[in-house]
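J.: Got a structure for you, questions after.
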Amino acid sequence: SALTPPFQSSDASVLFSYRLNTLLAGMNPFYFHAVNVILHCLVTLVLMYTCDKAVFKDCRLAFVTALFFAVHPIHTEAVTGIVGRADVLACLLFLLAFLSYNRSVDQLYVGEHFPPTASPFFLLLSLFLGTCAMLVKETGVTVFGVCLVYDFFSLSCNGLKRRNGDLHQKPSPSASLQAPLAGRENGKHRVAPRGSWSSCHLPSPTKQRSSGLSVPSRAIWAIHSYLTANNNQNFLDTARPFLKRAALVISYVILVLYFRLWIMGGSMPMFSEQDNPASFSPYLLTRFLTYSYLLAFNAWLLLAPITLCYDWQVGSIPLVESVWDARNLATVFLVLVMTLLSLHCLAAFKKLEHKEVLVGLLFLVFPFIPASNLFFRVGFVVAERVLYMPSMGYCILFVHGLKKLSTWLNKWRITVLTFFALLLLLFSWKTVKQNEIWLSRESLF
């Protein structure tokens with residue numbers, strides 16, 4: 001019931017799970033599919049836990065994100081196709097590595113420096129899980145980049161506020177009475193995890209001066225005030241704990257990538273022109289425009305999975321050979337949206353507003369980089385299975401936008417939630433119909 005036998009998968013590291021399937025249940029395809037569905041359920045649960053701990057402050061939003069992720073039709077190829085197990089398993093290891101890294105950092109720390117590494121065990125566990133994710137699927141290695149960027153942007157908030165003098169205020173009598181309740185350890189205050197996030201939202205003159213500016217202006221203001229801080233020369237000293245973690249992770253990534261190339265014989269896989277026609281085009285402009293449009297095309301598949309296909313190779317998507325091609329408008333629109341989201345993250349850098357946008361962008365962009373033809377040639381034009389991991393970021397951004405929309409349209413909140421419920425039903429129906437297509441070779445063709 002799969003297009004090809006599972007043992008023809010290009011991801012050799014996932015063969016162990018196939019071998020285990022064969023030993024326990026023979027070659028019955030039902031059990032191969034059952035394992036894929038179970039893994040998808042596990043990914044959904046771990047994503048909900050991740051959103052609750054590291055993204056949203058409301059467990060209900062984490063549940064809605066996981067529910068939206070569970071029924072998205074773009075996951076059909078990865079879950080229904082037996083060889084798609086590599087993407088699902090790599091996504092599970094990706095999330096576990098991310099959670100382990102966060103667990104290794106002392107998020108209760110409030111001091112003069114960036115939070116130190118509280119648990120070397122969980123840091124090493126994160127490196128191990130990230131390596132397993134890479135051996136299952138190459139895109140799994142991007143979890144290390146996600147961890148480092150999240151570490152810097154989320155945990156540097158206290159240090160940045162402290163350099164601007166927001167936390168050098170005299171404690172009130174009530175605060176001094178509450179201090180023993182928080183406890184001390186080696187002279188460093190420790191507070192509750194939720195309080196550590198809320199401590200980044202203290203009002204400041206900078207915030208008052210920049211509150212009336214637009215998003216791009218606030219981004220520029222945040223960068224300017226950071227670079228002109230009086231104690232900026234002490235950044236290397238205050239950021240030493242983070243820099244140690246970053247040096248360890250980067251060195252380890254270079255080592256495992258070298259190992260990955262070594263087991264591949266020191267060369268990248270060879271593909272034909274029918275696998276990826278744009279990469280064989282002799283014109284640089286054609287390659288650039290086509291690759292850029294394919295990014296917008298993949299984004300459209302996440303937004304509106306109306307037309308799905310198991311094979312987008314050869315001429316299924318014609319090359320973009322001219323700047324006057326109307327499809328370039330989709331590329332421009334995508335660049336505009338991603339630029340605004342990035343500026344939003346920079347504008348909220350100092351007070352860490354809307355972590356949802358930061359984590360959503362990280363989960364959306366980083367796992368898709370290996371499939372973008374940016375660093376090396378890939379063997380497909382569009383592959384829906386590679387969108388399994390980036391779809392986590394899309395779901396986070398979607399639910400965050402839904403929350404903002406329901407807040408703005410307070411009188412129409414019931415209508416917004418009703419449309420979202422209808423969208424869930426529509427996606428569920430599309431997933432069921434798409435699974436029917438994957439029943440046989442004939443229905444696929």
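Placed from the backbone N, Cα and C atoms, the Cβ positions cover glycine too.
Heads up, TrEMBL stuff is auto-annotated, nobody curated it.
Given the structure is predicted, the values throughout are model-derived calculations rather than measurements.
So TrEMBL has the following annotated:
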- 196-212: compositional bias 'Polar residues' (COMPBIAS)
- 266-338: domain 'DUF1736' (DOMAIN)
- 187-212: region 'Disordered' (REGION)
- 30-49: transmembrane segment (TRANSMEM)
- 61-76: transmembrane segment (TRANSMEM)
- 114-136: transmembrane segment (TRANSMEM)
- 242-263: transmembrane segment (TRANSMEM)
- 284-308: transmembrane segment (TRANSMEM)
- 328-349: transmembrane segment (TRANSMEM)
- 361-380: transmembrane segment (TRANSMEM)
- 386-402: transmembrane segment (TRANSMEM)
- 414-432: transmembrane segment (TRANSMEM)
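Structural setting of the listed features?
T.: For the domain 'DUF1736' (266-338), the DSSP-based tally of helix, strand and coil residues reads 35 helix, 0 strand, 38 coil.
Long-range neighbours of the transmembrane segment (30-49) within the same chain, counting only residues 6 or more positions beyond its ends whose Cβ lies under 8 Å from a Cβ of the stretch, are 1-2, 6, 17-18, 21, 24, 62-63, 65-66, 69-70, 75, 78-80, 82, 84-85, 88-89, 91-92, 95-96, 99, 392, 395.
Packing against the transmembrane segment (114-136) from elsewhere in the chain are residues 11, 13-14, 86, 89-90, 93-94, 96-98, 100-101, 103-107, 143-144, 147, 155-156, 158-159, 238-242, 244-245, 248-249, 252, 256, 260: each is 6 or more residues past its ends and has a CB under 8 Å from a CB in it.
Residues 47, 51, 55-56, 61, 64-65, 68-69, 72, 74-75, 78, 84, 87-88, 90-91, 94-95, 139, 298, 301-303, 341, 354, 356-357, 359-365, 367-368, 371, 380, 416, 420 of the same chain lie 6+ residues outside the transmembrane segment (386-402) yet bring a C-beta within less than 8 angstroms of a C-beta in it.
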J.: Looking at 242-263, 284-308, 328-349, 361-380, 414-432, which one has the highest count of Cβ pairs under 8 angstroms to the transmembrane segment (61-76)?
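T.: By the under-8 Å Cβ criterion, the transmembrane segment (61-76) pairs most with 414-432.
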J.: Check the transmembrane segment (328-349) against each of 242-263, 284-308, 361-380, 414-432 and return whichever range has the most CB pairs under 8 Å.
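T.: Between the stretches 242-263, 284-308, 361-380, 414-432, 284-308 has the largest tally.
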